[in-house]
Amino acid sequence: SDLGSQKERVVTEEEWLQKWEMGNIGFHKEQGHPLLQKYLDVLLNGRSGLRIFFPLCGKAVEMKWLADMGHSIVGVEISEQAVKEFFSEHSLPYCEEPVPEISGAKMFQSTSGNISLYCCSIYDLSSSVVGKFDGVWDRGGLVAVNPRDRQRYASLMINLVEKNSSYLLVTVSYDPNKHKGPPFYVPESEIQSLFG
Ligand code: SAH
């Protein structure tokens, strides 16, 4: 298959937590992603005050950027360290509370209320907990999901978006037989079959 040797590979949640602890986070960029700037109009589609979802958010600076534009941001991230670093690096005061529907999960919310980051596995979320979204910025989300979990991830994402939503997805095109990552190769044909 054109997935090469990646198809069976798994990165565990524990390994992700370790990457954060070791500062092994080459995927994090201090500058906003140029493709978000380029396709912002597609995401917004003339609308304002959107609810925008960041799956597998890390401490993506684009969350602050879109929040400052008046949108309300919801992210999900397994690493509590990442979530706390996001708020502290942007000097944003926040509060922390349990999520009654998800055991062990916490929600970190900026005091201003417009950025809410769930610290749990994305697979624990559902629209009954987080509602539905008008837009999605998926950079480092689908491509970080273990290939065996892609179908589950895509079904969840389809469930979390409103009818007239826009979903911006960043993938990286390369020969998976020559390179190991970043983290997983998602061929265009698979995006078609996952999302239609
Ligand atoms: N979107 C971010 C981070 C991409 S790296 C960015 O653009 O910088 C992928 C992130 O997903 C990591 O921070 C990792 O800790 C987190 N992660 C991995 N599996 C997860 C899961 N099942 N649920 C929630 N977060 C997860």
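These residue numbers are counts, starting from 1, taken along the chain as shown.
Backbone N, Cα and C atoms are what each Cβ position is placed from, and that goes for glycine too.
The S-adenosyl-L-methionine binding site annotation in TrEMBL covers 16-27, LEU56, GLU77, 121-122, ARG139.
Shown on the structure are the features that TrEMBL records.
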residue: TRP16; record: S-adenosyl-L-methionine binding site; DSSP (3 states): helix
residue: MET22; record: S-adenosyl-L-methionine binding site; DSSP (3 states): helix
residue: LEU56; record: S-adenosyl-L-methionine binding site; DSSP (3 states): coil
residue: ILE122; record: S-adenosyl-L-methionine binding site; DSSP (3 states): helix
Select, from LYS19, MET22, ILE25, each of the binding-site residues with a Cβ positioned under 6 A from at least one atom of ligand 1; if none does, say none. none
Count of other CB atoms lying within 10 Å of the CB belonging to TRP16 (S-adenosyl-L-methionine binding site): 20
Give me the non-local Cβ neighbours of LEU56 (S-adenosyl-L-methionine binding site): same chain, 6+ apart in sequence, Cβ-Cβ under 8 Å, ordered along the sequence. VAL76, GLU77, ILE78, ILE122, GLY140, GLY141, ALA144, VAL145
